[in-house]
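Input: a single structure, listed below in structure tokens.
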């Protein structure tokens, strides 16, 4: 019996635990759901709830009419948002394996950002800190998410351009970033790994020669760039 219950846990056959919450980390019924939402006590993934504001869904003029936002402006706005959040997560909390943003319209998914860290400790640290921070004038609501495999959480029909439910689909409609930004963000991480490897090799050679000093001043430029970037973000009023 125990093996059977374990095999159906989080599936449609499970009458106790909510399969949607298990797969997606969100459920349209919320606290009114008749099945249990088992919130994880540890996870690599965090959810930042309703943090992304799609200007195509919210832009209105003073007279209440919807303002047109071009696709180019939309992509630029989204890429800027994605880069800002991704960079903040990596610089403050730890290495990010992947980050995804929901483009759904349902209340339980709209604007949700899912950040999967390489280490569970970094995810836990991020949740604790982010719940005391604000973004774009709003308090951040962060929580650990059960989602670790986004292939199970995504709407396959949407990826093929065939979803008939539109923005109110209960599976994730993930908004893509531009190819250029993807190369920049994830390529930067690969360069960082190579740089760390070379740095370890240099330290090893230095120890072999029995010398320890001389290389401590090279990080000033990077620290200055980090300070400038932090000041720029403060002026922008987002994080």
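Just so you know, glycine gets a Cβ as well, placed from its N, Cα and C.
A quick note: this is a predicted structure, and the numbers were derived from the prediction, not measured.
These come from Swiss-Prot:
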COMPBIAS  188-208  compositional bias 'Basic residues'
COMPBIAS  222-239  compositional bias 'Basic and acidic residues'
DOMAIN    65-147  domain 'RRM'
MOD_RES   2  N-acetylalanine
MOD_RES   39  N6-methyllysine
MOD_RES   61  phosphoserine
MOD_RES   145  phosphoserine
MOD_RES   165  omega-N-methylarginine
REGION    183-239  region 'Disordered'
ZN_FING   12-40  zinc finger
ZN_FING   149-176  zinc finger
Tell me the Cα distance separating residue 145 (phosphoserine) from residue 165 (omega-N-methylarginine), rounded to the nearest angstrom.
24
Whole-number answer please: how many Å between the C-alpha atoms of residue 39 (N6-methyllysine) and residue 145 (phosphoserine)?
7
Model confidence over the zinc finger (12-40), averaged pLDDT:
84
What counts of helix, strand and coil residues does DSSP assign across the zinc finger (12-40)?
9 helix, 2 strand, 18 coil
Within 10 Å of the Cβ of residue 39 (N6-methyllysine), how many other Cβ atoms can be counted across all chains shown?
12
